[in-house]
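Chemist: Here's a structure for you.
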Amino acid sequence: MGDEAVADWGICPLPEQQPQAVCARWSQHSPAQPCLSHSPVCLQANPFQHRICRVFSTSDTRDDSMSFEDFLDMLSVFSDSATSDIKSHYAFRIFDFDEDGTLGRKDLEQLVNCLTGQGEESRLSSEEMEQLIQNILEESDIDKDGTINLSEFQHVVSRSPDFASSFKIVL
Amino acid sequence: VKELLSLPPSQRSHVLLTMPLHLEEKRNLREAARAPAGTPAPLLSPPSSPQGCRGLWYRLLSLLRAARPWHYALKQIGGRFGSSVLSYFLFLKTLLMLNFLSFFILLAFVVVPQAVHPPASVSPLPFTGLELLTGGGHFTHSLLYYGYYSNITLNDPCGSSPKGSVCPLAHPPLPYNLPLAYLFSIGVSFLVTCILLVYSVSRSFRESVRSSTEELAIKVFCTWDFKVIQRRSVKLQCENICTQLKVEELSNAKHPRPQPCALSITPLGPAARTEPCSGPRVEAVLLVLPLVVSLLNALMPYLFNFLAMWEKQDSPVTQVYVAIVRWAGWGCGGGSPLHLWQAGRLWGQCWETCVGQDLYRFMVMDFIFTLLDTLFGELIWRLILEKKVKTKRRPEFDVARNVLELIYGQTLTWLGILYAPLLPAVQILKLLLLFYIKKTSLMRNCQSPSKPWQASRMSTIFITLLCFPSFLGAAAFLSYTIWTAHPSETCGPFRGLETIYESGKRWVLVLEKSNPNITWFAWVYQNLLENTSLLFFMSVALIAVIYFNIQVVRGRQRVICLLQEQIANEGEDKAFLIQKLHSVCRHKYRRS
């Protein structure tokens, strides 16, 4: 497994992490099997863990399990050396909860609920949510079709200098 | 695959890196692009050796990465406290790197040659422990201060013979002129620091100028910090974001901010000292002045914070700006005129060493007060909150105040580098200790920040502050000292000259006389460096370039607005056309 990992380093933007560290982290989770059936430790407190596992998993059974290549893919997208194009592309896929290729109102509502947490007192009321989603769409929907597509998302995200540093997982 | 084949092999992997595809697909593409049908495999390079070499190279890279200092510590801090607190520690790392550079330049060219050829010895005083605090005593005649350095060519055996006598010994092949080395090393270290600072400022400015704080969409899409992995911190982040979003909703109609009404208190400089610096007095008394200044420095931020609470500033950005203005007022009144005062009053004595000792004492006191501040502000406060008030709240790590303290310490180092060449080493030690102490205190005593914080904009402000008032001020004082101050007669590498700058001028004259082939160098020196019209032209050119760039940015903003309108209009056109098509199709369908 180590040799494969090193061989794939050229197409996987991860020069910061040591291949040994990645392999060690992987064998910590699933010592014998090739697949993870639960989220890795670095994601377990993350409210987006299910979406991340769904986006990066390539298993045929659609049970969101991650093989070693999927894990490597995930780490490479979340590393320092991935370009902001790649990051915004995957961020869009993670935020697209219904997987229809655009961020509609339902997606935005679920996104805001993930961000504000699961507690009752920390959720926004429905009027606040409506107002918030309206404001977001006004700001980011350039062609005024009521949804945010990939280019509009990438345009919004490119204006924030914090995106690249916050869309990062350190191993 | 066709696109990949058309590229040269070195670029192929680069393009593959930037494609947002899964690893399996990338691997297939790479295989397909590597062995196209019809071309024979090259005989010279067997397919396994590029793999082997690349593997070796990546292993070497990963070893280098493992040697990166503090990687795990920074990861822990970022994982628990987020990017805002992390920015303080990254700033500390930057300062450490700058100090290392200055230190190595001075060490290599000034300290080591002098250490290898020690001057005619003045008997050193015995070492007592108090020297570490006061910088005097045993340290006065040591490599630490300006007064120890000699003004002769170092490996010249005739250097110490009286002038006018003929020297029977031969001149050394590589004369090492220490005064020149001293002047040039300090100049070079300042130049290198300046270049690095300007480069960092421009890079972070370019990144942060694009953002605007009011955009809700950016807040929603970009604020989630994926680095945070502890459950408690994740919960805190959720609460933060919820509060931010609610506040944005409520304050969509902007309220005018209350103007800060408490004026900045600019104190006068510290009272002039009356006793000479090198005398048979109790050395501990010399600590009084730095003690007082550091005490005031430590208490001022609390006073400012109190005033800030009174003024009800809501975002940390404004708080920091106001704190900076007050701080600058204090700083200008505080430390700067001190050494000019000294220089004015102590002609005839070794005033440079005195100034160096003063700055050393300021640095040591500053360090001690930072430690006390950490102890009382964080540890004891947390104990009080837990035991007496019995809340779960812990003190927060005040990033702005800590960064401003770092900047103050660094300004002292830069001011003192001419008078105490080993001061960067002291600063390096101080920063190393500070890193570990602050990190331990942070982990044990503090909680995550409760207010929203834009890490990149704050980093830009910090590094700009480091560059403009701090570094520029120190460089201005240094230039003033080199150009006009009269070096003392009895000690140091520039004794006997009118100004320090004169040693450079004399060297150029000597060069001109000794080697007629390089008169162009002297010509360059006289007409370009000494002529003020060059400076004038350079300033005019710089201002023109800045104006041009501002106009270009404005023009681009206008173009962006126009393009956005155009896109909205085209969207409407598209919707209209689709509707028309639908109605036409329906018509046709009904007819048929």
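Placed from the backbone N, Cα and C atoms, the Cβ positions cover glycine too.
Remember, predicted model here, so these are calculated numbers, not experimental data.
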Chemist: Looking at B:54-71, B:306-323, B:324-341, which one is transmembrane segment according to TrEMBL?
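Modeler: So the range that TrEMBL calls transmembrane segment is B:324-341.
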Chemist: Express the predicted model's confidence over the domain 'TMC' (B:350-456) as a mean pLDDT, rounded to an integer.
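Modeler: Reported value for the domain 'TMC' (B:350-456) is a mean pLDDT of 84.
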Chemist: In the same chain, who gets a Cβ under 8 Å from the transmembrane segment (B:412-437) while lying at least 6 residues past its ends?
Modeler: 70, 89, 92, 95-96, 99-100, 102-103, 106, 110-111, 143-146, 149, 182, 186, 189-190, 193, 335-336, 339, 352-353, 355-357, 359-360, 362-363, 366-367, 370-371, 374, 406, 470-471, 474-475, 477-478, 481-482
